[in-house]
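Presented below is the structure to which this report refers.
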Amino acid sequence: ARPWPRGDPSNPGCRGWSRGVRGWLAQADPGWEEMEGTRGVVSSLGQEPQPALEDGTGVQSICVSLLKVPLMFGFLYLFVCSLDVLSSAFQLAGGKVAGDIFKDNAILSNPVAGLVVGILVTVLVQSSSTSTSIIVSMVSSGLLEVRSAIPIIMGSNIGTSVTNTIVALMQAGDRSEFKRAFAGATVHDCFNWLSVLVLLPLEVVSGYLHHVTRLVVATFNIRSGKDAPDLLKIITEPFTKLIIQLDKSVITGIATGDESLRNRSLIRVWCGPAPPQVRAPWPCWGHQTIPQSSLHNVTRQKCEHLFTDTPLPDLAVGLVLLAGSLIVLCTCLILLVKLLNSLLKGQVAKAIQKVINTDLPHPLSWLTGYFAMVVGAGMTFVVQSSSVFTSAITPLIGLGVISIERAYPLTLGSNIGTTTTAILAALASPGDKLASSFQIALCHFFFNISGILLWYPLPFTRLPIRMAKALGERTAKYRWFAVLYLIVCFLLLPSLIFGISMAGWRALVGVGTPFLGLFFFVGLVNALQARSPGHLPKWLQTWDFLPAWMHSLQPLDQLITRATLCCTDRCRSPEGWEEREGPPRDKARLGLDNPACGGAGERGARRGAAPWGFICL
């Protein structure tokens, strides 16, 4: 008898096998097989051919799909505008505090304190461009030296990555999407922190960024040019200006010591050109300038936005805008994800995923990542904000359209793109401020270039990818860990380091050296446990010899769950409170991009076997 063709749906064995596979997939966490083609392939096995759609139904589905495209761009527009309003809200709530932080030059002369100030100020104003412009103004006015400003620039690079991490929290409803989205967002954080850990001590010891940028400024005959082009703002500003308009010079003035601006509101009331200075001859005093206030009501007109005549203080307006922008941001992001889920199905998803994640042909395959960096830099130059670009690709990472391995070079390119806009903005400075402002912009540029040289060219140096995937695994299991991560990494840890650094170098070295030594030791042992446990002593091959609270988040998870009175699946399971870590081989699967493979490893570790792990092979 002729054997059944392999994969023939009419084969009874094949139908049974497909039902078994679908059964395992039904038990899996939702989302693991999405965007990987697994669901479409498996569900097609053993199914009867579907009848063709009627003409009316086909036309209706096409019209609905075509309607979804402009709707998606509309939500994307509102999403970008909400990010702009969110930045304005943070500046209203904490802008003057940020200006006060910059005032103490004695604090900023400490490199570690300067780094922390850069982080905290950028988190407060939610804009690295604003914090960088404050730094440039202080350097240009002589209040801050270029070398003292370099650690602050490094800190602003870290602080700007908090936005896309907040965006990733909006996908916490689905564990698999949240896992990928959070990993894609935190790869930016990991890169910035690792770069600072290496480059800040190097800069303190050698001052290489200061010397290289000074050499570049001295070598080239740099002249003032045009301001950075407004590309995306041309589209978004007509809408955002109807909501709020800010006078950012107030923050810069407070930072540079202008006490007359302390009681002035950041909300812009008067718009239009500045009143002209009229000179008239006087018999006694010669030439005298008519006071500016005498032409105030004649030459200016009131701004047209929602808060022009508000009696509320800046803090209250900032909190109102913060709540409103977060609601709009969450709503737009949820609707965007649903629209993308409905549009990116079947062959469309496979085609897009193949185009984005496929390497160049063999002789040039090593250039794929660098080409992605160029794309990321170009897109960031267009939107003029690394936060907007990285926040826009975060939902795509969560859906699995963009892999983390591809998102990493895109993020690095975004870091480069945001420095090029700063360089163009510096070229628009007056002649007496051009050299210092251009040098600061170049410091930002060379810092990111140095970080790329450290953490990208060789595959084994791409630690940010592995660290981000580990964070994604942890947050998928304990969702509250994402909020804890934000609070610790962007508020508590910088504040703690700032306080210790104020006690002097001895206290900082005495506390920081053991902490860093423990950090590297734990990281090394974890790597050996996952890849080569035989090289470790038997007692060190697992962390079970330590108390549970020292190597597991399970006791804290139990405490938080009881405190919030939330009954989760883990609460109802009789085995729920006991954490079961997979063997080292399963932990090593974090490097795999296929979510289905990762899910098989994790689930197999819990149940003692990987029933459909052969699919990943």
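Placement of Cβ uses the backbone N, Cα and C atoms for every residue, glycine included.
Note that the structure is a prediction, hence the values are computed from the model and not measured.
Packing against the transmembrane segment (75-94) from elsewhere in the chain are residues 124-127, 130, 163, 232, 235-236, 239-240, 243-244, 246, 248, 251, 266-267, 314-315, 317-322, 324-326, 328-329, 332-333, 335-336, 339, 383, 385, 387-388, 391-392: each is 6 or more residues past its ends and has a CB under 8 Å from a CB in it. Marked as transmembrane segment by TrEMBL: 75-94 (among others).
Residues or ranges marked as transmembrane segment in TrEMBL: 106-128 (among others). Through the fold, the transmembrane segment (106-128) approaches residues 86-87, 89-91, 93-95, 97-98, 134, 144, 148-160, 162-163, 196, 200, 203-204, 251, 386-387, 418, 490-491, 494-495, 497-498, 501-502, 508 of its own chain, all at least 6 residues removed from its boundaries and within a Cβ separation under 8 Å.
Look at TrEMBL and you will find 148-170 (among others) tagged as transmembrane segment. Using a Cβ-Cβ cut-off under 8 Å and counting only residues 6 or more beyond its ends in the same chain, the transmembrane segment (148-170) has close neighbours at 83, 86, 105, 108-109, 111-112, 114-123, 126-128, 131-132, 135, 138-139, 178, 181-182, 184-186, 188-189, 192-193, 195-196, 199-200, 203, 209-210, 329-330, 333-334, 386-387, 390-391, 394-395, 398, 415, 418, 440, 443-444, 447-448, 482-483, 485-486, 490, 494.
Annotated transmembrane segment per TrEMBL: 315-337 (among others), in sequence order.
The annotation transmembrane segment is assigned in TrEMBL to 370-396 (among others).
Positions annotated as transmembrane segment by TrEMBL: 408-428 (among others). Outside the transmembrane segment (408-428) by six or more residues, the chain places 128-129, 132-133, 136, 157, 160, 187-188, 191, 222-229, 369-370, 372-381, 384-386, 389-390, 393, 402, 434, 437-438, 440-442, 444-445, 448-449, 451-452, 456, 462, 464-465 with a CB less than 8 A from a CB of the stretch.
Distant neighbours of the transmembrane segment (434-458): 132, 135-136, 139-140, 146, 149-150, 153-154, 157, 191-192, 194-195, 198-199, 209-210, 212-214, 216-217, 222-224, 369, 373, 408-409, 412, 415-416, 419-420, 422-423, 425-427, 464; these residues of the same chain sit at least 6 beyond its ends, with a Cβ under 8 Å from one of its Cβ atoms. According to TrEMBL, the feature transmembrane segment maps to 434-458 (among others).
Feature annotation from TrEMBL assigns transmembrane segment to 478-501 (among others). Long-range contacts of the transmembrane segment (478-501) within its own chain (CB-CB distance under 8 A, at least 6 residues past either end) are made by residues 110, 112-113, 115-117, 119-120, 123, 155, 159, 162, 165-166, 168-169, 172, 175, 178, 182, 186, 189, 193, 471, 507-508, 511-512, 553, 557, 560.
The list of residues near the transmembrane segment (507-528) in space but at least 6 beyond its ends in sequence, with Cβ under 8 angstroms from a Cβ of it, reads 112, 197, 497, 500-501, 535-536, 540. Feature annotation from TrEMBL assigns transmembrane segment to 507-528 (among others).
For 574-590, the entry in TrEMBL reads compositional bias 'Basic and acidic residues'.
Annotation source TrEMBL lists region 'Disordered' at 574-593.
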